[in-house]
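Taking it in order: structure first as structure tokens, then the write-up.
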Amino acid sequence: MAVPPSTYPSRLLPLFLGLFQGALLLFFALFVTYDEPSAQAEDTNLVANQVYSTFPFFQDIQVMLVVGLGLLLTFLPRYGFSSLTHNFLLLNFSTQWALVLQGLLHHFHHGQIRLDLHKLLISEFAAVTVLISAGAILGRASPCQLLVMATCEIPAYLASEWVIVTWLGVLDVGGTITIHIFSCYFGLGVSKALFRAVQQPLHPKETPTPSSDLMSLVGTLILWVFWPSFVAVLCQPGDAQHRAILNTLLAMSASAITTVVASSLLESDGKLSPGHLQNGSLAGGVAIGVVADMAVPPAAALALGSLSAVVCVLGFRFLTPLLGRKLTLHDQCGIHNLHGLPGILGAAASVVAVVVASKDTS
């Protein structure tokens, strides 16, 4: 019996995912394996130390992406369940897709790809770009559209990262440029492509409620607590990683306080805007990533965190409405204010840090 035409869209998602997972299973069976166990005690201890030093950071990042970011996106009252599930789906899909592409491009030797925790971590960083970009079209795109976006964005991110890090030699340990700025403008480009015809009016279901704002704030707090792990995980263990953690904590602490000040001053009733707090308190973590492991003074980290919060709040207050009116640009989660503007500020700060550094600074 033929399937009614109205059921085709609902069957498209499981069909797409089923084919993807089946193809991935075949690819892993043919080409992916683990490193062979080493008989040397020194090598075994080295691998053990790498796992013990990396896996706690990896767990923190998992909590950030699955729980923190998922809850942050629940500010839409009628879209809480979908935002959590779509975020979880995109994370797993994008990580596997990035694992395949990075394996073929960088780790394919003698017909095999050797899988380890570091390669999985790098693939998850690639998946973060998709999760950020999806914020621009949250609630207005179907799951299949989100998966198509992820399929296209991962190879674009890998190419962009290669140009920035390998070809240009840019230092960006926290992903400020390669992850936050790239994903912001990729997501805004997708939004413009989907909704370029007319300005999208605000739907009644898009107005946050106190309960949805509370859930989103819980997500912000989780992200705030674990953000130093995201910035420091790829740093060299020792002084660089220590500096990255301290600088990130200082920047995010300053951005949290400055967000309260800026939001209260800009709001007509003097009250704190939940949307400002949910995003502005994280802006310092975005901006500091590119200079986190550099020998910058603590005052610079505090200043960068405060400036990023001001830029984020001003973006929500003035720039987002302006872009909506002039360019009919739809940005549901305000990723331009949280990831784009603080990312540009952090990139500029990295240039200043390199220029003013003394010659004997490593």
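Numbering starts at 1 and runs along the chain as it is shown here.
In case you wondered, yes, glycine gets a Cβ from its N, Cα and C as well.
The transmembrane segment annotation in TrEMBL covers 12-34 (among others).
The feature domain 'Ammonium transporter AmtB-like' is assigned by TrEMBL to 24-354. Residues belonging to the domain 'Ammonium transporter AmtB-like' (24-354) score a mean pLDDT of 91 in the model.
Residues or ranges marked as transmembrane segment in TrEMBL: 54-76 (among others).
Feature annotation from TrEMBL assigns transmembrane segment to 88-108 (among others). With a cut-off of 8 Å between Cβ atoms, the residues of this chain six or more beyond the transmembrane segment (88-108) that come close are 17, 20, 24, 27, 31-32, 65-66, 70, 114-115, 119-120, 122-124, 126-127, 129-131, 134, 143, 146-147, 150-151, 153-155, 157-158.
Summarising the annotation, TrEMBL assigns transmembrane segment to 120-141 (among others). Non-local neighbours of the transmembrane segment (120-141) in the same chain are 54, 58, 61-62, 65, 69, 73, 76, 79, 82-83, 86-87, 90-91, 94-96, 98-99, 102, 149-150, 153-154, 157-158, 161, 175, 179-180, 182-184, 186-188, 190-191, 194-195, 200, 205-206, 233-234, 330-335, 339; each lies 6+ residues outside the stretch with a CB under 8 Å from one of its CB atoms.
Under the heading transmembrane segment, TrEMBL lists 162-188 (among others).
Nonlocal intrachain contacts for the transmembrane segment (214-234), taken as residues 6+ away from its ends with a CB within less than 8 angstroms of a stretch CB, comprise 54, 56-58, 60-61, 63-64, 67-75, 80, 121, 173-175, 208, 241, 244-245, 248-249, 252, 256, 274, 277-279, 281-282, 285, 288-289, 292-293. Annotation comment: TrEMBL describes 214-234 (among others) as transmembrane segment.
Under the heading transmembrane segment, TrEMBL lists 246-266 (among others).
Annotation comment: TrEMBL describes 299-319 (among others) as transmembrane segment. Listed by sequence, the residues of this chain that lie at least six past the ends of the transmembrane segment (299-319) yet keep a Cβ under 8 A from its Cβ atoms are 246-248, 250-259, 262-263, 266, 273, 275-276, 279-281, 283-284, 286-288, 291, 334, 336-338, 341-342, 345-346, 349, 353.
Residues annotated as transmembrane segment in TrEMBL: 340-358 (among others). If you look at the transmembrane segment (340-358), the same-chain residues 6 or more away from its ends with a CB under 8 A from one of its CBs are 171-172, 176-177, 180-181, 184-185, 188, 283-284, 286-291, 294-296, 300, 304, 307-308, 311-312, 315, 319.
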